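Feature annotations, reproduced from Swiss-Prot:
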type	residues	note
DOMAIN	39-150	domain 'tRNA-binding'
DOMAIN	397-474	domain 'B5'
BINDING	452, 458, 461, 462	Mg(2+) binding site
DOMAIN	693-786	domain 'FDX-ACB'
C-alpha cells in the first residue's frame, strides 16, 4: 500500500513529526516500509490558467495557448489533446528543470514561439493520471495564479510504500494506518466524517426494498444516490494513481477512493437493474433486493432471479452503473474474513481481486464510515443528490474476551510493564479493557476490525509493537530443561534396551513391511484379519493384508541370507502385528538357523543351534523364563515335539519352537528355531533391591521314577505350593531310561538349591525338606525314590 504524509494528516496531525521518524515508527510497529522517498514539484513550475487555445497554423497536433501565470501572460505551444481554454494547469517556466535531461527554454515550434510548457503529472515525476496534461482543481487547495506548485501539500510530499501482512487487513486503508500512527505517537485520531445531510426529501424506502433469507454472516448497508454529471477531483485521482487504482469509470474511482480511505468494501448497482419485471407499460419505481446463499453456499445479492453479486467475492458487470445521470444503489458490506476465505476455498468459485483481496484479509466492519465518506465526496465534488435513510442488515459480532494476568504478560514481553501503561497502550489501539477485582487480571476485547487477535500472546505482541522492541532490555535467556521422561519415552527406551541386548547376543535387527500375503498366511495356519476390516486397496497382491505374525517375514529374510552364502543366521524384529479384529499388538520375534558358531577351531565342524541353546540366548535378552509344553495349534511352522510356551512371572508371554520339518523343507533351510513374544508383556520395571543370605547354599539331588507324561512345569508348580522358603531354586538335572525301567516311566533327577536366610541349616533340617518334596511327588505323581 502507498500513501503520503499529506493524505494521513487529515486523520492524525503529523506535520510536526520528522519524516525519518515516521519511517522508523512504521517499521517498529510492524508496518514494514518497502520504499520511502520525498516527491516535490520542480522549482519554477507554477499555477496557470489557459485563457485562449487555438490550433497551430502549421501543425495538426499542436495548439497555441495563451496562459495567465499571474503577473503576465505567456504563449505556450502545447501538443496535449485535452488542453482547452478555461483550464487551470501546471506551467513550467523558463529555467525549470523538469528532469536530469530536460530544462525548459524559450523555443520556436513550427515557427511560433513557446515560452514554457504545460505539464502532465508524469512529466513532473508524479503518477500518470491521463494521456494529456494535468488539469488542476480546488481539491488540492485554493488555486492562485503564479503560485509555485510545490507549495501545495499534494505536490510536495513524502511517499511511503508499506508491506501489509495478510493478517493486518485493518491497515489496508488510510484510516488504519492513521490509527496505528496515532496510537504510536499518542495523538488524537480523527473519527469518521459526520453523516452527510441528505438533500432529497424522497426516502430510500420509496426506491428500494431489502430482505434476506435465512441466517446471514454478513452485515450490509444500502444507500441510494441520484448521480449527475460526475467529475473526478485531482486529489482523488492522484491518491488512486499512487496505488495503481485509477480506472476509467468516474463512479468506480469515487468508490475505490472511499474504500482506500475507510477500508469499507463498497459496491454500486444500477437502480434499473434491480427493478422487478413489470407486465404493464408503467415502469415500477421500487427496486427489490434479496440476500441469500447461492448454490455454493456463499452469501449473494439477488434482484428477482438475477444474481447481482457474491458478497466479498465478485459482481455481475451488467449491474455496474455507467458514468451517466441515474439512480444508483450503494452497498457497503462486511463478512468475517475466515468465512469468506473458507467459502471460496471450498467452492473454488472465480473471484475478483478488488473485492476478495480486502474481504479475505478483513475489511472495515464500521459500514457507515465508508458510505458516509463516499456520499460526502459524491455530493461535494460530484454534485450528487443523496436520498434520506438507509437499509441495514446488521449482525451482532462479539469479539472474544481475552483474560490476561499482568505477571504472564510481563513474562512474555521480557520486562515489567506498569498496569497503567498496558491499559493506555491497548486503549489507544481501540481495545476495550476491564480490570478484575484484584487488579492482577485484565479482561481485554479487541475491536472488530482486529480479527487477528486471539490470545494473550497476541496481546503481548501489540504492547511490544507500541513500546518499541528497542526499548525492551536485552538480557540472557534463562531456561531450565524440564523432565520429559513420560511413559512413552520409558517404553521406547525399554524396547531399544531389548534390541541392544539382542544384538549383544548375536542377533541382527531387521525391519519388514507390516503387510503380508493373506493366502500365504492361511497356508501356514495363521488367522488373518476379518474381511470387514481388512485393507480395501492393497499395494500389491503379495501385500494384501496386515500381518498377524513377524515370523514369516523373518523366515523370508533367513532364506535370502542363506542364498547369499551365510551359514550363521540369527535375526530379530520388533514390530506391529494385528488380530483378526485389526487390533494392533507389538511383538518381538527371534529366528536362528544354521550354525551357532562358525566352523573354526575349537569347533572344526561348527556348533549347531539347539532348542535350549536358543532359549538361553533369548533369556539373555528378556530375562529368565521357564518353558511349558505346548501342542501346536493351527500354526504349521512349529515342530510338534519341540514347542513350548515361554513363561515369565507366571504368565504365558510367547512361544518358542523348532521349525517343523515340512516347513524347514519348504523354506529350504537347515535346522531352524523360532520364538515370538508379546512385547507388551515385557513391561519395563525398576530394579528392586533384595536382601541376600550370608549362609551356605546346599545342593540336594533327588532321583525318582515317575510317569514320563508328567511335564516338569507341573512338578515345579506343586513343589512351590509347599511354601518351603529354604528352597531357592529347583530344576531337572538328568533324565535316564533303560530296559529295567518301565517304558511308561523315566528316571528323573531333580536338583534342589537349599539355603536359609537366618542360619546355617542342620543336616536334620535338610533331610526334612527333601523328605517333604519326596512325599509330595509320591502323593501327587506316584513318584518313587530310586
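Any Cβ shown, glycine's included, is placed from N, Cα and C.
Because the structure is a prediction, the values reported are computed rather than measured.
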Those binding-site residues listed as 452, 458, 461, 462, and which of them has the most Cβ atoms within 10 Å of its own Cβ: 462
Assigned conformation of residue 461 (Mg(2+) binding site) - DSSP reduced to three states: helix
The domain 'B5' (397-474), counted residue by residue under DSSP: helix, strand, coil: 33 helix, 13 strand, 32 coil
Segment-level pLDDT (mean, integer) for the domain 'B5' (397-474): 90
Helix, strand and coil residues within the domain 'FDX-ACB' (693-786) as assigned by DSSP: 29 helix, 32 strand, 33 coil
Extra residues within 8 Å (Cβ to Cβ centroid of 452, 458, 461, 462), Mg(2+): 450, 453, 457, 459, 460, 465
For the domain 'tRNA-binding' (39-150), the number of residues DSSP places in helix, strand and coil: 8 helix, 43 strand, 61 coil
